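Scroll down for the structure; my scribbles are underneath it.
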Amino acid sequence: RGSLHLFLLIISFSHYRFQACIYFASAFQAISCGIHYLASVFMAVTPKFVCGVPGNVTSVLLDNSSSSRIEDIWTMWTSTKNYIVVQLENGEIWELDQCSRSKREGSLYFSYEYSGNKSVFACSDGYIYDHTKWKSTIVTEWDLVCQREWLAKLTQPTFMLGVLFGAVIFGDMADRVGRRYIMWFTSTGQFLFGIAVAFTFDYYSFVIIRLLLAMVSSGYLVVVFVYVTEYVGIKARTWASMHVHAFFAVGVMAVALVGYLVRTWWIYQIFLSITTLPFVLCCWMLPETPFWLLSEGRYEEAQKVINVMARWNKVSTPCKISELCSVQQDDLVSCRTGDNDISTTKKHSILDLFYNWHIARRTITVWLIWFTGSLGYYVFSLSSVNLGGNEFLNLFLIGAVELPAYVVACIGMDKLGRRNTLIPFLIASALICAFIMLIPQDFSILTVLANMSGKFAIGVAFGLIYLYTAELYPTVIRSLAVGSGSCAPFCVYLMSVWIFMPQLLVGIMAFLTGMLTLMLPETLGKPLTNTLAEAAELGTNKNSCSGKSPPAQSGAMLEKIEMLSQVSHSTDE
């Protein structure tokens, strides 16, 4: 068992071109994940609108302004409380509100103010929309306004529900059938479902296909973090895994750019989905990770991957499993601690996240941090278009601010540790939420800057928790752990209850989880664990196997292994 662990550590320390190609090829697809997660920001925009009329309009009045077309009056319509007065070809005069219309009875004088009798009607002739900024959205396509407004607001929560289902389902499947197959399936699904969304014929098919799109997008995002974590060395692990988030942030910025250039929702969706195509064409070349193959006892396949790595990296003497594993196969796949016999070839379930009290407490804390990070990330991202000013620039900046956040997160995690970086940024995001609630609403620039600061702080925490979770759990349930934590709450629409309700909830949760993080063990400089017994002993002084070094000694041993690996590589070249 110790030889297997030693072998896995050597694999994890290979800083060569093969791993670099694997990393950039798989991380590229995270751009599509960022795109699909935030695409509805502009796809479900509700433009200005009023009730339609049963005839052709000849004259329009709004306050003291007049025109012959409703299209010319939108720039002067600044409040939804205002109504528009129109005169039809047959002489009828109508007052048009957003969700109702009134016909003036017996009036021949065309004026804005009127105190006579009126007959109120429903909007049975549809609605008239302002197409100045948006040629078409799903709101204008299917009249998702007034009594159907809740359907438009439901599009993002149902997407986030798919994110949760997909993360749990595909996270579990990745531990059962392998990381590679799930990445193939989910990346292909992103392309097919992404294109299919643009050709949906009604609202309900749109929601269903978007739900499936959310499942495969979150499934890929979860598995790719585990995939790159298992392929890079312990010193590169922080930067490599964190910058998968940078690709996701590029996707957010792409949404802002495409939204600015394309104002028809289905064309916009097609343009965004095409970004997936390059990866779909080459994703079949990605190999399985040696970590997963060895945890399944598939040693010959693991050796083939190692040989390919050696050829790519120009190493003349690749690692041999037969040389490193000097114990019997039974010892390689099991580790006996007391009366517990944990087999790495056993099929695991979500119940293993509550393996014992230490793991159960860790799981609950990690889930709460995931909830807070997801909540804050999407509150700051999706509310950015409502902060005033240019909504495209706001979203672009909210995405761009993530890039320096991940650099700061990497430096902090390498210098201070995972836990000591996570706590202050969670607390900082709570304080920023409190500050946002104190800013007057007409201070739009200060509000945007404060939201960018909040996104920066929560971005550090949200980016960090992916890697931290992968390090806190063993290979046999690593994807499941990341997937089960990948909840994606959506509460931006709580603004209808109180404008600062989302920020209040984020602030409370961020402060609470910042305190709870103190209970988590530190994983800086620690090797990835392979069994539940090893994972349970993180942060303790117990040994996971008889004769096995404690974590502190294992960490020291890693440094020596990496030095030997680098010397060997330079000699071969």
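Easy rule for this one: first residue shown is 1, then count along the chain.
Using the three backbone atoms N, Cα and C, a Cβ is placed for every residue, glycine included.
Per TrEMBL, the features are as follows:
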TRANSMEM  20-39  transmembrane segment
TRANSMEM  182-201  transmembrane segment
TRANSMEM  207-228  transmembrane segment
TRANSMEM  240-260  transmembrane segment
TRANSMEM  266-286  transmembrane segment
TRANSMEM  364-380  transmembrane segment
TRANSMEM  392-409  transmembrane segment
TRANSMEM  421-439  transmembrane segment
TRANSMEM  445-468  transmembrane segment
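Note: the stretches the transmembrane segment (266-286) and the transmembrane segment (240-260) are in contact (3+ CB pairs below 8 A, sequence gap of 6 or more). Fewer than three CB pairs closer than 8 A are found between the transmembrane segment (421-439) and the transmembrane segment (240-260), and contact between the two stretches is not assigned (pairs 6 or more residues apart).
The largest share of C-beta pairs under 8 angstroms with the transmembrane segment (20-39) comes from 240-260, of the ranges 182-201, 207-228, 240-260, 392-409, 445-468. Touching of the transmembrane segment (240-260) and the transmembrane segment (445-468) is concluded from the presence of at least three CB pairs under 8 A, sequence neighbours closer than 6 excluded.
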